[in-house]
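Feature annotations, reproduced from Swiss-Prot:
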TRANSIT   1-40  transit peptide
ACT_SITE  96  active site, proton acceptor
ACT_SITE  107  active site, proton acceptor
């Protein structure tokens, strides 16, 4: 299967029947969420700002948003809960939480492997929501879910939106739905106060990009390169001109993601005028490669601090 960039989001060039979301026996609901305390003090206040409002506040302070991504349930949901606290305590402004899916065609090998491990442990949407219901009140930054469309369809658009909002989720990214097919998604998101973030890419024509930025809520997700997610050695110089084009079309904040893994990447993108920087595979790899969950969380803290400091 190939991924084409259509309408500024990922359009899967594959048969319409997709591999279904794997449902395994639900994990033990008595999850422990108190295993690890980072060196930075943990916040215990509920998020009060949504995505767009977070960017507005940061802009007033002359700051750029740091947005890390991790996969829910890798290596397990208890560790995910602790990771969310660590990311929040280390100064993350928004956190993207990936819902594992069996056919994640927009993702590179690191996040694909994390999704596979998570699904094999029995992670599903219900267990993720149960975890978030307990953890969101303990953190101060908003959570945005990153999920493929299949899990949403399985639950039903309205029920999905209401259930994620009920546990405190503020934003949503659905990478495999082209713009023309987002109308119902946007309607249900609006009805449930969920900010639906849309993506634009280096191959998106200017006129289509303008339609995307007009429809996007929360912020504009600028994909920095063609292809799947994954750390890269450098950031494409095209990002600077893409940012300029988008900012000429909208006043909405723009965050850049895909391939960003180092403090120098973060600093460079911020210098080009991005309102936010998204880092995913580097975070996921640390948690996946660690010898133990505690080691992974400590390494996650170190990386988060180094990336965040590049924006200060």
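Positions of Cβ are set from backbone N, Cα and C atoms, glycine also.
It should be emphasised that the depicted structure is a prediction, and the values quoted were computed from it without experimental measurement.
There are 27 other CB atoms within 10 A of the CB of residue 107 (active site, proton acceptor), with all protein chains counted. The two recorded residues residue 107 (active site, proton acceptor) and residue 96 (active site, proton acceptor) have their Cα atoms spaced 14 Å from each other. Cβ neighbour count for residue 96 (active site, proton acceptor): 25 (other Cβ atoms within 10 Å of its Cβ, all protein chains included).
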